[in-house]
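Colleague: The structure's right below; bear with me while I get my questions together.
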Protein chains: 2
Amino acid sequence: MKFSVLILGNSSATPIYERHPTAQVVNHNEQLFLIDCGEGTQMQLSRYGIKSNRINHIFISHLHGDHYLGLVGLISSMHLVGRKTDLHIYGPAALQEILAVNFKYSETELRYNLVFHPTNPEESEVIFEGNCISVRTFPLRHRIACTGFRFQELPRPAKLNMEKVQQLQIPGPLLNGIKWGLDFTDLSGNVHRSDELTSPAPKSRSYAYCSDTVRIPDYLPFIQGADLLYHESTFLHEMSDRAVETFHTTALEAGEIAAESSVGKLLLGHYSARYKTKELVLLQDEARTAFSNAHLSVEGHWYDVD
Amino acid sequence: MKFSVLILGNSSATPIYERHPTAQVVNHNEQLFLIDCGEGTQMQLSRYGIKSNRINHIFISHLHGDHYLGLVGLISSMHLVGRKTDLHIYGPAALQEILAVNFKYSETELRYNLVFHPTNPEESEVIFEGNCISVRTFPLRHRIACTGFRFQELPRPAKLNMEKVQQLQIPGPLLNGIKWGLDFTDLSGNVHRSDELTSPAPKSRSYAYCSDTVRIPDYLPFIQGADLLYHESTFLHEMSDRAVETFHTTALEAGEIAAESSVGKLLLGHYSARYKTKELVLLQDEARTAFSNAHLSVEGHWYDVD
């Protein structure tokens, strides 16, 4: 089952040519989610061949422009190309006011239903639960209220060993229970344990997203053990004072956070415009001193969650 | 004296990859003006090597997103890179409210002064007058209130014939008056006409911008005789019903308007996303049936006003 993340933008507040403000697409089993929507997101979606109307859920971390200024344009374009499906937006309550004032003066009446879900900046909560994935917010600490997101696959059933099922002539109605861990007792009273009749369920994978935040221990439980962590790394650690002052994280800190949280892989992003693209490798080198499986995120690349 | 226009975006409401929403830079004598500011304008400025802080005056035609959604990001980035100079914004009064609500929730306090000049959607008025150029609005007719802009060079003085000045020993304090048309009477009482002492002033050039509008005669006096006219041509004329319905213009109409207004050259733009880039030449062909000096505007190209 596909689970991967496309980076549309990994620049911090001041974009530079070919480094766009924050946005990424999560593809889970061909269901597309958008995380943040910086200016130019709709053009980046078009560039990388993603039809915007395949996206039904958009998650906005906070109300700094580089994380949401593409939203009005994207919503408008979805309208112009004839969208009918509901669009769910999860973000700070005030985002609804920002959207409303834009649509008021452009006299836009959307042809589809925009369902707004205000997020709670104080407490972690599950804000989306689908058939096979859930999304949980958790508070980050930035200059203004900001949440991270954790995409967590729901537990999946074990896979039946069909040879044994046929051999024991297990009735069909019992099979689902067995896949979910129930034991089977045959007519002779012999108990066949679920794990003898199945091969283990695939591991439930998870993706955690942390941007923007200063380093605090509070959110570590929520990213614990994620297979893939995207963590902002705006600065090199030589600028740690600036990072604290602007409520951002250094590459070294991102690496340490990844190590402390036992994640599988770390993706760096939200790079300061002061670093030229060829210098970004310094951020990666620095993060790797604390966590070897750290990688620069690159715009236009898909990263598997596994 | 330089007078040219850089096209940053010439797409209509739905942008597609490599066709950006409307924005353009006017360079008059190295003073830069921005007309409209669609999503992604700050990245386009960066792409074409324009330092955003060289821009002190921004003119917004109307409040459809494809003409202003890049403004909050641009203003923010100017702030982040340390701008101190006043920034003047001219546009519909409600734009001020849109800017305010964005900056309220991002808790942005600009380090520079943002001076807002509401435009009048009902009547033409001069909204900017500098040392050598003025900008006049004029009402267009779109689904919502919309203004065009005419950049008009102020009359320039004639050039003195220095040989004659020296021959007649004309005193220095009189020279400026002679350049502006005053005659000179020498000590013997002979009158030397200004036009005998000078070569003619360069023609006062003008650039007119019309986007978005349905074709109406009302604005023709305001674009009359412009050296360069940028006129929207969203559709081919086979879609003239759609053009009327959406308050836009066809390429044929743009050509006819250019001919009726005796402009020097017509630049087409605001292309519908339905036309592939290679098909845009059809719009040019159509406009040329009415006005031979019609050209497709191309993003990243500078067009001289002469």
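Backbone N, Cα and C define each Cβ position, glycine as well.
These numbers come from a predicted model, not from an experiment.
Annotation source TrEMBL lists active site, proton acceptor at A:ASP66. The Zn(2+) 1 binding site annotation in TrEMBL covers A:HIS62, A:HIS64, A:HIS142, A:ASP212. Residues annotated as Zn(2+) 2 binding site in TrEMBL: A:ASP66, A:HIS67, A:ASP212, A:HIS270.
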Colleague: Let me check the 10 A CB neighbour count of A:ASP212 (Zn(2+) 1 binding site). How many other CB atoms are there?
Modeller: 27
Colleague: Under 8 Å Cβ-Cβ to chain B, which of the binding-site residues A:HIS64, A:HIS142, A:ASP212, A:HIS270?
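Modeller: Correct list, in sequence order: A:HIS64.
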Colleague: Which one of these binding-site residues has the most other Cβ atoms within 10 Å of its own Cβ: A:HIS62, A:HIS64, A:HIS270?
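Modeller: That would be A:HIS270, with the highest Cβ count within 10 Å.
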Colleague: Do me a favour and check the Cα-Cα span between A:HIS62 (Zn(2+) 1 binding site) and A:HIS270 (Zn(2+) 2 binding site); whole Å is fine.
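Modeller: About 14 Å separate the Cα atoms of these two residues.
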Colleague: Pick the one among the recorded positions A:ASP66, A:HIS67, A:HIS142 whose Cβ has the fewest other Cβ atoms within 10 Å in this structure.
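Modeller: If we count Cβ atoms within 10 Å for the recorded positions A:ASP66, A:HIS67, A:HIS142, the smallest count is at A:HIS142.
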Colleague: Give the helix, strand or coil assignment DSSP yields for A:HIS64 (Zn(2+) 1 binding site).
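Modeller: A:HIS64 (Zn(2+) 1 binding site) sits in coil per DSSP, no helix or strand.
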Colleague: Could you tell me the C-alpha distance between A:HIS64 (Zn(2+) 1 binding site) and A:HIS270 (Zn(2+) 2 binding site) in angstrom, no decimals?
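Modeller: Their Cα atoms are separated by 13 Å.
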Colleague: According to DSSP, does A:HIS270 (Zn(2+) 2 binding site) fall in a helix, a strand, or coil?
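Modeller: A:HIS270 (Zn(2+) 2 binding site) sits in coil per DSSP, no helix or strand.
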Colleague: So around the Zn(2+) 2 site, A:ASP66, A:HIS67, A:ASP212, A:HIS270 aside, which residues have their CB within 8 A of the centroid of those CB atoms?
Modeller: A:SER12, A:ALA13, A:PRO21, A:THR22, A:ASP36, A:GLY38, A:SER61, A:HIS62, A:HIS64, A:SER211, A:GLU232
Colleague: Any idea what the Cα distance is from A:ASP212 (Zn(2+) 1 binding site) over to A:HIS67 (Zn(2+) 2 binding site), rounded to a whole Å?
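Modeller: Here the two Cα atoms lie 9 Å apart.
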Colleague: Beyond A:HIS62, A:HIS64, A:HIS142, A:ASP212, what residues of that chain have CB atoms within 8 A of the centre of the Zn(2+) 1 site's CB atoms?
Modeller: A:SER61, A:LEU63, A:HIS67, A:LEU140, A:ARG143, A:ILE144, A:CYS146, A:SER211, A:THR213, A:PHE247
